[in-house]
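**Q** Just lifted these from Swiss-Prot, have a look:
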type	residues	note
BINDING	Ser57, Thr58, Arg59, Thr60, Gln84, Arg108, His135, Pro136, Cys137, Gln138, Cys270, Leu271, Arg298	carbamoyl phosphate binding site
BINDING	Asn166, Asp230, Ser234, Met235	L-ornithine binding site
Amino acid sequence: MIASYRGRDFLSMNDLTGEEIEEVLDLASELKIRQKKGISTPILKGKTLAMIFSKNSTRTRVSFEVGMVQLGGYPLFITATDSQLSRGEPIADTARVLSRMVDGIMIRTYSHSEVEELAYYADVPVINGLTDYEHPCQIMADLLTIKEHKGQLRGLKVAWVGDGNNVCHSLMIGAAKVGMEVAVATPPGYEPDQKVSLIAQKETSRWGTKLLLTHDPVEAVTGADVVVTDVWASMGQEAESAERVKVFEPYQVNGELVSHAKQDFIFLHCLPAHRGEEVTAEVIDGEHSVVFAEAENRLHAQKAILTLLLG
């Protein structure tokens, strides 16, 4: 199986088929079991991963660093200010140089076009650790978490409430590809990108499931197996924060809203969370919340991705 993935990039959930997503999740589960049992898996012994960060991170940095170490490899942390990128070196040159020294590159940055350019010029696999357009590693962890708690993915309904942002984009594509029903509720003007909606619509049609885009959070959450949200203002949107709080207030995930979901629903949030804004403490700290299991699964999902692309 590894041979079919080796050398590929992972920039978007659309880079994988539904079947491939399931294979990644199966490997992630296997690696998680081995790690819990204390079984060493030095699959990437002698391999180095360059990790470029233009945006601050807790979960992305720790999960990739720990993941590489557990797989026997070496993680190399690089901030934009530490590198020549901050002095105007072209991304193409950075890609060519790093490709001669490392076995893979993970980048967490603002512009999705930067990641695409890096991947175009790099001769080693490039992994999208987050851009303003997608966050595919997060959604691999989310799908792993859903499968662990629900036993399956196909046929479940996932509801997104809030901003049609990068996490929403990756969730729509990933969930649709594995046969889930997808419902997205956003304020007017904050809908997901139309290209993403078209991809998700095509995938749900293939499975015979549904894609719902609405401005009504109750409509989206009704009958949901999984409820997901994110912060109202992402990094780089701080200047819009006050305005966004006003716009998104009706989209808070609270006890009243989730009462419309299935009784055994689970709640996901990529973290960090702002209790009292996009979600209440009642929900995120309640019995239906699996956000910390979700955070842990960043490690296991990314170990699977690293194994397949760099192994």
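Quick reminder: no glycine exception, Cβ is built from N, Cα and C everywhere.
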**Q** What's the most sparsely packed of the binding-site residues Arg59, His135, Arg298, counting other C-beta atoms within 10 A?
**A** Arg59
**Q** Tell me which of the binding-site residues Asn166, Asp230, Ser234 ends up closest to Cys270 (carbamoyl phosphate binding site) in space, Cα to Cα.
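**A** Its closest listed neighbour, by Cα, is Asp230.
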**Q** For Asp230 (L-ornithine binding site), identify the closest of the binding-site residues Ser57, His135, Cys137, Arg298, judging by Cα separation.
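**A** Closest by Cα distance to Asp230 (L-ornithine binding site) among the binding-site residues Ser57, His135, Cys137, Arg298: His135.
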**Q** Hey, how far is His135 (carbamoyl phosphate binding site) from Ser234 (L-ornithine binding site), Cα to Cα, in Å?
**A** 12
**Q** Check each residue in the chain of Ser234 (L-ornithine binding site) that is at least six apart in sequence and keep those whose C-beta is under 8 Å from its C-beta; list them in sequence order.
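**A** Correct list: Asp132, Asp163, Asn165, Asn166.
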**Q** For Asp230 (L-ornithine binding site), what is the tally of other C-beta atoms lying within 10 angstroms of its C-beta?
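**A** Looking across every protein chain shown, the total is 24.
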**Q** Near the Cβ of Asn166 (L-ornithine binding site), how many other Cβ atoms are there if near means within 10 Å?
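**A** For Asn166 (L-ornithine binding site), the count of other Cβ atoms within 10 Å is 25.
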**Q** With every protein chain in view, how many other Cβ atoms are within 10 Å of the Cβ of Cys270 (carbamoyl phosphate binding site)?
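**A** There are 23 such Cβ atoms around Cys270 (carbamoyl phosphate binding site).
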